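As given in TrEMBL:
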DOMAIN    266-373  domain 'HTH araC/xylS-type'
TRANSMEM  6-22  transmembrane segment
TRANSMEM  34-53  transmembrane segment
TRANSMEM  59-79  transmembrane segment
TRANSMEM  100-119  transmembrane segment
TRANSMEM  131-150  transmembrane segment
TRANSMEM  180-200  transmembrane segment
TRANSMEM  212-229  transmembrane segment
Amino acid sequence: MTETFYHINIAQSFFAGVILLTKRPVKLTDKILSGWLISLALLFSLQLLLSTFPEQKLSGSSVLAGIIALLFPPTLYLYAKYTALGLTSLTKSDRWHYSAFILLIPILVYSIIWERPFFYQNFLGELSTSVFFITFGIIFFGMYFLYGIYTIRLVNTFQSLENDYYANHHDRIDLKWIKYLSILFYVFWTFIIIIGALRFHFGIDIPKAVHFIPPTHTVIIYIISFKAYRQSYSIIPKEAVEPPKKTNEEHQKYAKSGLRQHEAEQYLITLIEHMETKKPWLEPDLNIKSLALRTEIPQHYITQTLNERLNKNFYTFVNEYRTNEVVRLFSDQNYQHWTIVAIAYECGFNSKSSFNAFFKKYVGETPSSYRKKIKVQSGEITLSSKNYQTT
């Protein structure tokens, strides 16, 4: 059964890696993840080899598998970073994230010749107590946990800024899955450590525990394959996601932006006039970048103006117009046969759940109850009007 999952993982990893390279246009993040998936296929091939020939001490295969495993933590972090920032080329500083992988290659080759530590096989096979094994284990698990923290923090920062730059929550610009994947890695490797510790230090062997590992890998691969193919770049600027200096005082947030008070007032007038006359909020894909191009206002000034003058983010600013239009159409006789969701989409929303949540927060009740109330009021007015005409 385990070998079956290995074959599935090899095929899916390689296939997904190739498919990502067929996207048009091919982004840097696609190339990063494609390389990762193809290396995963190689890793699973080595695991299959070790599983098929357990009597052969294939130290070279196990060592190579360990090297490949070191690629995963920095790759997931860089994928999240470059997706969030929309960067198109790998910076020199980010290449250092693979330094541990590069530096360990000669050390691992040396260990094959002299010590032959069979450290892989999911850390549940033959373990070595050599200095090399301990050192590698510290580096390996340290990278997984540290990069997991960095990745989760990056995604949290992106999510906190998302409402300043987007008027709808798009599933193609979504990094939550990377956050959950990092947490899954945390749980996965914590379990591996516990099982390995029980075997190594206490002599407690749980042979069936290894059976869950290949299926877990299968789930991870399918998540990556599906989500990565749909993923798009973010428009959030680098300085927003990676601020040069943190501050706890809100009034210092825009201290060096250069926006004068009279300019902010004029920008606000321009924004409101454009929203009321051109109605760009009817477009589901409206974002702060496109609005900045139409109004000729720098997007960071739009964010600052809305935050300081209206105490709103871009998401709230746009969706209030959409909600007001929904309320208006609820009373329009031409839309009485339309469903609530259809009206919401007509007004620029792209998600039923997001619409319901915002409508309830803004209006104070659910769309369905509000529409029923309008129909009741409309019926009472019509009835009283007929009674007046008959008297």
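Using N, Cα and C of the backbone, Cβ positions are placed for all residues, glycine too.
Nonlocal intrachain contacts for the transmembrane segment (34-53), taken as residues 6+ away from its ends with a CB within less than 8 angstroms of a stretch CB, comprise 2-3, 6-7, 9-11, 13-14, 16-18, 20-21, 61-62, 64-65, 68-69, 71-72, 75-76, 79, 120-122, 214, 217, 221, 224-225.
The helix, strand and coil residue counts that DSSP assigns across the domain 'HTH araC/xylS-type' (266-373) are 82 helix, 1 strand, 25 coil.
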